[in-house]
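According to TrEMBL, the feature phosphate binding site maps to B:R87, B:G125, B:T126, B:R127. Feature annotation from TrEMBL assigns domain 'Exoribonuclease phosphorolytic' to B:11-141, B:154-219.
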Number of protein chains: 6
Amino acid sequence: MTRNDGRKPDELRKVTITLDYIKHAEGSCLIEFGDTKVICTASVEEKVPPFLKGTGQGWITAEYSMLPRATAQRTVREAAKGKLTGRTQEIQRLIGRSLRCAVDLTALGEITIWIDCDVIQADGGTRTASITGAFVALYRALEKIEKLSAVKNFVAAVSVGVVNGQVLLDLNYEEDSLAEVDMNIVMTDKGEFAEIQGTAEGETFSRDILNTMLNLGEKGIKELIEIQKSVLGVKS
Amino acid sequence: MTRNDGRKPDELRKVTITLDYIKHAEGSCLIEFGDTKVICTASVEEKVPPFLKGTGQGWITAEYSMLPRATAQRTVREAAKGKLTGRTQEIQRLIGRSLRCAVDLTALGEITIWIDCDVIQADGGTRTASITGAFVALYRALEKIEKLSAVKNFVAAVSVGVVNGQVLLDLNYEEDSLAEVDMNIVMTDKGEFAEIQGTAEGETFSRDILNTMLNLGEKGIKELIEIQKSVLGVKS
Amino acid sequence: MTRNDGRKPDELRKVTITLDYIKHAEGSCLIEFGDTKVICTASVEEKVPPFLKGTGQGWITAEYSMLPRATAQRTVREAAKGKLTGRTQEIQRLIGRSLRCAVDLTALGEITIWIDCDVIQADGGTRTASITGAFVALYRALEKIEKLSAVKNFVAAVSVGVVNGQVLLDLNYEEDSLAEVDMNIVMTDKGEFAEIQGTAEGETFSRDILNTMLNLGEKGIKELIEIQKSVLGVKS
Amino acid sequence: MTRNDGRKPDELRKVTITLDYIKHAEGSCLIEFGDTKVICTASVEEKVPPFLKGTGQGWITAEYSMLPRATAQRTVREAAKGKLTGRTQEIQRLIGRSLRCAVDLTALGEITIWIDCDVIQADGGTRTASITGAFVALYRALEKIEKLSAVKNFVAAVSVGVVNGQVLLDLNYEEDSLAEVDMNIVMTDKGEFAEIQGTAEGETFSRDILNTMLNLGEKGIKELIEIQKSVLGVKS
Amino acid sequence: MTRNDGRKPDELRKVTITLDYIKHAEGSCLIEFGDTKVICTASVEEKVPPFLKGTGQGWITAEYSMLPRATAQRTVREAAKGKLTGRTQEIQRLIGRSLRCAVDLTALGEITIWIDCDVIQADGGTRTASITGAFVALYRALEKIEKLSAVKNFVAAVSVGVVNGQVLLDLNYEEDSLAEVDMNIVMTDKGEFAEIQGTAEGETFSRDILNTMLNLGEKGIKELIEIQKSVLGVKS
Amino acid sequence: MTRNDGRKPDELRKVTITLDYIKHAEGSCLIEFGDTKVICTASVEEKVPPFLKGTGQGWITAEYSMLPRATAQRTVREAAKGKLTGRTQEIQRLIGRSLRCAVDLTALGEITIWIDCDVIQADGGTRTASITGAFVALYRALEKIEKLSAVKNFVAAVSVGVVNGQVLLDLNYEEDSLAEVDMNIVMTDKGEFAEIQGTAEGETFSRDILNTMLNLGEKGIKELIEIQKSVLGVKS
C-alpha cells in the first residue's frame, strides 16, 4: 500500500531545520516536517521558579501555540478565549518533560530556559516536530551561554499510528484523522525512552501492534537525531 | 526488597468499591485504592455536544477534581483560581478517552454521559483509581437506562513505576514521588490497551524496563477487572 | 400535619457526625443531616492574610463547594465556569463569620485556619450542616495544635421556614423549594445569635412569624450542640 | 449619648431623593442618606431569563457597584480585577430579592427590569440606600410603561446596629466600623419583613437586643417610606 | 446649516465643571459637556509601579468606565463580563498619556496619581470630557499635596468631525453616529498637541479636511482651557 | 545626521512581501519592514456578526499578536495571562478600521474576513507593517473568492516620529524608544487618510512639526503601495 503522499510506511516526511531563525532568541530554529512548520525558540532567564530557589538547579519549561490559520479551518485564539485548551496544556507539559530528560538541570545553575513552539502551518505531527525542533533551539541556547556540558543526550520525537490496520511512521494530518491508534514516542540518541503516549481512538490495540509501533518509532527517531546533529555540526 | 507499606512489588493495594454511593446519580461508587478514595458518578444527559447532533451517536466525557484537603498540604481550589490546571485537564481527557474505548457510542443514541471523579483523599494513583471506578459508575448508569448492550468491554487502569531501579505495581504517594519512571496503563478485559502513558522523570528508560512494566500492569489490571465484575455481579 | 418524611414540625432530621474522616487534615468530619452529606476539614496554615500581619492575631476563613452530582440535576463545576457563583460566595462568607464568632482570634496567634465544606450529597440545609460540621472540624484542629483555650463557645446552625403557612424546623430539599419564608440561624451554646438571615420568597412575613421561627431554631440548635459535644467528648 | 454626627440613637440621617436623575433610564433617582450617595436606575428589557420563557411572568434583577473613589481609600475596580467580590454579589442578590417582594411578577408580563445601583460616594449604609432608592426608580419605570398595578407594596431598607452596647439607627461609616452587631432590615409599608440579616462581628447578641433592633428598624423604615411616597407623589 | 441642537458648527456645548464633587478624593469634579456628564477623581497613592521604583519619578494612570444606563440602551457591566473592552482600554490609555503631557513626572516624587473617569450620562464626547475634567481633578489634587509646581501646562480635549460633509466641533451622540470622520484632539494652553486621533468611518478624508478640523479643534480647546482656569481660579 | 542603520531621514527600511506564505489561508503573506517580520493571513467565514445579519453587508475584523520571543526580552503570552493587553486591543481595532476603509462592505455579501497579523520578529513598526501586509492578504483572499470588485482603494501604513528634534520616516525599535513624538499614518493610494494617530511622549508637538510628519508619511506610503501593487501584479 502506498500512503496518500507516496511515502513508504516506515518513511519520514522531508525534514528541514533552519537554524537561528529568530534574531533575538538565544537559540532558535524553524523546523519543517513536510507541510508542518514550527518556530522554536529557547530564551534564557536568570531566575528559577520558587520551588527551585536556592537549590542551585535550573529549569526548562515549554509553551506551545498555533497561529489561528495554521489549520485548514481558522481556530479561535486562546488569548481571545482567555484560556488554554486542555490539548495545549498537555502538549506544553509533554515538551517540557521531554527536554528536561536531555539536560542535567543541576549543571545549568539557577536559570530557566523558556521553550516556545509556535506552529505557523499544521499538517499533523505538530507536537513531535515541536520537540525535535525545541531540542535544537535548546542546544543552540546552551551553546551560546556556554553550558553545553549540561546536555546529557539528544532528544527527538516522532508519531506512529495504525491506519486501516497498517502501522505507519510520522503521520500527516489526513492519516492522523483516520488513525485507529495514535502514538507519540520521545527517545534519546542512546535508544532510551523519555516518553511514550499511545492512545486508542475507539479501537484498542494489542501488545504485538504496540511492539511494531515502537520499532518503527525507534527507526524514525534515529533518522531525526542524525538531522539534528548534522544541522548543529555535531559528529554522530 | 519490601515496599514501604509491606507489599510485594507486584501487589495491588487493598481495593474497595462501594456501589451506588451517591443517591442522585444514575451510576456511582466510592472507590478506594488503599488510602486513595475517589467518588465516581455517571450522569445521563439527553443531548449531545454540537459536533454529534443528528448523528445518532452518543458521547462520554469526564471531569476530575480533588478536594482541597485531599492532599497532605491543602491545595488551592481551581474554582477559586478561576481555571483548571494542566494536570487536571490532562487527567480529564485521559479518563474520557479510556471510557469511550469501553462503549459502542453509536449504540448509546444521542445522549451524553458525564463522568465525575472527585478525589476526597489522595495517596497516589488517583487517575487510575478514577478510571477504574468511573467504569463501574458508567456500567451502573447504562444498566439503569437499559443500554448495557452498548458495553464493548470492561476497562480498568493501574500505575507501574521504577523506584530505586525496581519495577513496582500500583504506586502509593511516597513511592510515586521517588519514582524514576511513571507509567499509567489502561486495559480491557480482553488484554488490549486503551492507553499507555510512560514518563521518565529525568532518567530515561530502556525497552526492557518498558516490557517489565507492561507485564506487571497487565497482571494488576486483570485483578482489578475481577473486582469490578464481582461488585457489579457480572460473571468472569 | 405530617411532613413529607414523617417528621414533626419541630423535629430535626437524623444527624450523624463521623469524626476524623480525612486523614491528612488537622481536623475533619463527615456530617449528615438526613440525606445531606458534607465533608468538613480544617487546615492550619502558619501565616495570616496581609491585613493581620504583625498583629499577633489569627484568622479563620471558609470555602464551600458542591460536587456536580450532589444534586438531583448535575450542576456545572465552578472551576469549569472559571468563577464562583454569588450563592457560593455568600455561603462561604457566612460560614467564615459564624466560626469567627466561636473563637478568640487573638488567642490563636498568627495562623490561618482554612475551613473547607464540600457537599457530596445535597438534600436541603447544606449551609447549616456545613457550619455545624465545620465547627467540629475546627474544634478538632484546635485540639491537635493545642489551642482549645481559644474556643469561646460552640456554634451550630439550622434552617427554619414557612411551608404552606406552617413553621418547620430543618427543611429538606422538597420543603425548601416550597417555602414562603426561609431562615438560617446560627447560635452559640449560650443561646446568643451569631447570625440571622431571613428571606421572604415573594411573600413577606410578620413579626409574629419571625418569633415562632426563632423559637423553633433555638430548640434545634440546642439539640445540634448536644450532638457536637457528644461526638467531641465534651461534657454539656 | 450623642452620636458622632449629633443625631439621636433613633434618628435617620438627612435623606434626599432626586427623581429622574439620568435621562436615558425608564426610571432613575439619586438617593442620599447623609454623605452616602447612590445613583439608582431601572431599565426595561423586553425579554426574560431562560427559566421564565413562556411563563408570562416578568423578572427583576439588580446590579451594584461602587466608583473606585467612593471610599476613603481608592478601591480597585471589579472590572479591572475581572471578577465581582463576594460582598458585591451578596448585595446584588439582596437588592433583587427585596424588590421582587414589592411587585407581582406575574402582572409584569415577560419583561426584565434591570436595577443598577452605583454608589458614587460612600459613608455607610450603601446597601440600604440602594434598596430604598431602587424602589423609587423601579416605581418610576413601572409608571412609565403603565404597569403600576403590578406594585404590591412599597419597600425600603435601613441598617441598625449595636455600637458600644447602644442600639443605633442608620449607621454611618464610622459607626459601622465600630459596631458589634450589624443588621439590615427590609420592610414593606404594611410592616412586614422582606429580609432580615443580622450579623455579629465577633461578639454575639441576645434575643432582647434583637428585639430592640427590630423596633428601631421599623421606625426608620416608616419614615423612609413616607419620603418615597412624597417624592413619587403617592398619598400615604 | 444648523445642528440638531441649534449650535453653530464651531460652537461647543454648554460646559459646566462642579469642583470638589466627591468628598473623599484629593481632587475631583463633575464635568458636563451638554448632556454628557463625567465624575472625575484624582487619588494620590504613595508608591509607584515597579518600573519606576527608585527613580524618584512619579506616575499618572487613568481608568474609565460608564455606568450601565449612561447610554440609551443599557450596556453590560465590564465587571460582570469579567474583562475590559478594547474601547475602554483605548480610552484609558489615551487619558493617561494626555495627562502625563501636562505634568513633569520627575517633580512629583515617587507617587502615583490614579485618575478615575466615570461617565454617569453619555451623549457623545465622553473621552474628551473625561480628559478635560480629569485635568481639573489632577490640578486640584496637586494643589492639595502642594505639588502644583509640577504642572507644565494645562491640557484639554475636544472632538471634531465631518457630518454630511460639514466640519463640526464637539459632536453630540447623534452627530457622532452620523459622522464620516471622527477626530479627537488633545492640546495644551500653549497651542501644542498632546494627541491627535483621526479616524475615517468608511470614507477617507483629505489633507484639507484635516486642516479644517485641526483649526476648529484648536478654537474649542482654547475655550475649554479658559473654563478650566476660571473654575480653578487661575489667571489666564 | 545619519540614522543608526545608515538610512536617510525620509527613507523606508527594506520592504519584502512573500505572497501566499501559508497554504491553508485564502490570502496570506510574510511582510518584512527591515527586521520586523509579520505573517498576515485573511480567512473567509461564511457568516457575519449578529449586528449585520440580514443586511447583505460583510465585515472585516482583525487580530494581532506577537510571538513571545519576537522581542529582545521574552514577553508573557496573552493566552497564558488569560487576557489581551490594551496595546493589543488598540492595534487590532486600528487594523480592522483601516482595512474596512479599503473595501465596499456592501459589495462583499454576508461574509466575514478575519485578518490575523502575527509578529514573528519585532524591530519597530509592527502595526504599520501589519496593516500594509494585511491589505495584501485581504486583496489576495478577495481575488480567490472573486470579490476583487469590492476593493475601493489600496491601503498602507507607516510610522513617522521625532527623534532628537528630527522628523524620521519608518522608525526602527531603537529610534522608536527614543522618539519624542510617534505618529502612525494610514493612507490610501488616492492620498486620503484612513487614520492618523499622533502621540506625544512627554513633550508636546507643534502644528509645524505635525505638517512635516504628514509630508514624510505621505511619501513613505506612496512607496509602500508601489510595492504592494508590484507584488500583487496590479498596474500602478
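Note that Cβ sites are derived from N, Cα and C of the backbone, with glycine treated the same way.
Ranking the binding-site residues B:R87, B:R127 by other CB atoms within 10 A of the CB puts B:R87 at the bottom. Here the domain 'Exoribonuclease phosphorolytic' (B:154-219) has a mean pLDDT of 96 out of 100.
If you draw a 10 Å sphere around the CB of B:T126 (phosphate binding site), it holds 22 other CB atoms from the protein chains shown. Under a cutoff of 8 A between CB atoms, and with a sequence separation of 6+ in the same chain, the neighbours of B:G125 (phosphate binding site) are B:R13, B:F33, B:T36, B:V158, B:S159, B:D170, B:L171, B:N172, B:D176. The subset of binding-site residues B:R87, B:G125, B:T126, B:R127 lying near chain F, with Cβ atoms under 8 Å apart, is empty.
In this structure, B:G125 (phosphate binding site) belongs to neither helix nor strand by DSSP; it is coil. Across the range of the domain 'Exoribonuclease phosphorolytic' (B:11-141), the DSSP-based residue counts are 44 helix, 41 strand, 46 coil. In this structure the residues listed as binding phosphate are B:R87, B:G125, B:T126, B:R127; their two most distant Cα atoms lie 13 Å apart. Neighbours of the phosphate site: apart from B:R87, B:G125, B:T126, B:R127, residues of the same chain with C-beta atoms within 8 angstroms of the site's C-beta centroid are B:Y64, B:I91, B:V119, B:A122, B:G124, B:T128, B:A129, B:S130.
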